[in-house]
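**Student:** Just dropping this structure here.
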Amino acid sequence: MIFVFSYNSPVGKWLGFVAAVWVQAISGNNYTFSNYSDALKSLMALTQLQLNNLSVAKDVGKAFGILAGLASDRLSTPVILLIGGIEGFIGYGVQWLVVSGTIKPLPYWVMCIFLCMGGNSTTWMNTAVLVTCIRNFRKNRGPVTGILKGYVGLSTAIFTDICSALFSSDPATFLLILAVVPFTVCLTAIVFLREIPPSSTSAEEKEEVKNFGVINIIAVIIAVYLLVFDISGTHGKVFSQIFAAILLVLIALPLFIPIHLMVKNFIRENSENLDVEGNNNIAEPLLGVDETVREEVEKKEVVVVEENTVPAVVEKRPPVIGEDHTIFEAIRTLDFWILFVSFLCGVGTGLTVMNNLGQMGLALGYVDVSIFVSLTSIWGFFGRITSGSVSEYFIKKAAVPRPIWNAASQILMAVGYICLAMAMPGSLYIGSIVVGICYGVRLAISVPAASELFGLKYYGLIYNVLILNLPLGSFLFSGLLAGLLYDAQATTTADGGNTCVGAHCYRLVFIVMAIACIVGFGLDIWLSIRTKSLYGKIYASRKAKKTSTILS
């Protein structure tokens, strides 16, 4: 018997999720700018402000993620993935042509366009993956987001370490990998990732939780494996090749889940065929109740009320927090703007560190800064994957509002920036780790929180409006704040660029960003208070459902 999977079957559902994991494992290329930024700066003779504005250009690409959000309600998941893959191939491919010397350096504004394209490509990938998977596993939004965003965090380290292991951190080869690998993975994901009905029974939900636990364990093993490779010093060519081969095997390991389900279904079907062979009297219900259809009926926009046998049409009321919002309804709420500004304080300052790690390391006397890029990536993974599962656990156990974890990350990030400003020995290691963790928490918490506050119906667009904070934060904190303050301290070099050496180069930048994080902390506490009743209802609903399942 040859088993052919159905997209609506558990096997198809988990094959789609594994494909989504792979897409996220290669979609963090937007965070790898520090690995080749110095090559661009030298090749194009840029000042730090000009270089930072290039990094802003790639982040501005995320501003056009609104297009991906609009498309998510009109185009299928495979089409959205294909658009992202092609755009990334072109954006990073042209950068490779320049850095490799295949073509002459393009005008500055043209380079900004191609960096913008590379940055925008990830919004299509992320929208396709997040919207589809959160809808497919809507009862486990925290773990889903934590895993997917966790792999995004790991992707920077995966790209960096494989390139370092096999190609001696050559920036041209690195850009070629950024162009080719994501495009190839997106083509693979197109085959498997589809939106399908979510689980409808408690048994299916428990099975999901168990499978997510397996993928979490695999992801942690990958993170620890990358971390050990990073801190174990230099390695020989053969050792590095073995490392890369094992890493690829680990990335493929989540396939164990759909393969296991496939084998289990095959055995069960064969057993059932033997038990009921020749018996065609098995009765099945003609009609079934689809949970998603029921939800649509319950959320209909016009309510008809029968009063004195005369139908009356009740005008639609504005949605409350926890119900489906259009983007225009969402932006009219105070809660949206509290979440938006607090998100800006966290991701905007975090991106500044990621975009400037190369120059920060050189300013403090480090020749090779790739380890700091990897540390930020790996610890960002731990922040994402841990906060997603932990926040979900505390909602189910004690109705703890999800934004409270954002508040904790903001205050810890402020401490990290103060540590970086002091520039003590090893402070860049500590700062990279702290910023990575907190940036990861910020992303993994805000994504499911937005779906809980404003619903899933228009989530693709709401998500992409929320992540406008990435280009906005990059422009404010990296392009303006860090660029201008660095250039004010730097000295001009013979080729027309500039450089700065010493702790003073970024001290004031870190102090300002610490203050921004304290503001974000206050906003997150405020949002936690405002949404306490919502999470109380979520807790009560889940508890009531669990009780009814036990009694039945």
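From the backbone N, Cα and C atoms, a Cβ is placed for every residue, glycine too.
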**Student:** Write down the single range among 14-35, 146-167 that appears in TrEMBL as transmembrane segment.
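**Tutor:** That would be 146-167, the stretch labelled transmembrane segment in TrEMBL.
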**Student:** Pairs of Cβ atoms less than 8 Å apart decide it: which stretch in 173-193, 214-232, 238-263, 403-423, 429-449 has the most with the transmembrane segment (336-354)?
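**Tutor:** Most Cβ pairs under 8 Å with the transmembrane segment (336-354) come from 429-449.
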**Student:** Does the chain bring the transmembrane segment (214-232) near the transmembrane segment (173-193), so that three or more CB pairs sit under 8 Å (pairs 6 or more apart in sequence)?
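**Tutor:** Judged by the Cβ rule, the two regions do not touch, with the required three close pairs absent.
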**Student:** Where, among 79-100, 146-167, 238-263, 429-449, 506-527, do we find the most CB pairs under 8 A to the transmembrane segment (403-423)?
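**Tutor:** The stretch I would name here is 506-527.
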**Student:** Same-chain Cβ contacts of the transmembrane segment (360-382) under 8 Å, 6 or more residues past its ends?
**Tutor:** 28, 31-32, 34-35, 38, 150-151, 153-157, 160-161, 164, 169, 219-220, 223, 226-227, 230-231, 353-354, 420, 423, 428-429, 432-437, 439-440, 499-503, 505-506
**Student:** Take the transmembrane segment (506-527) and find every residue of the same chain, 6 or more past its ends, with a Cβ under 8 Å from one of its Cβ atoms.
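**Tutor:** For the transmembrane segment (506-527), the far contacts come to 335, 338-339, 341-346, 348-349, 352, 356, 360, 363, 401, 403-404, 406-407, 410-411, 413-415, 417-418, 420-421, 423, 477, 481-482, 485-486.
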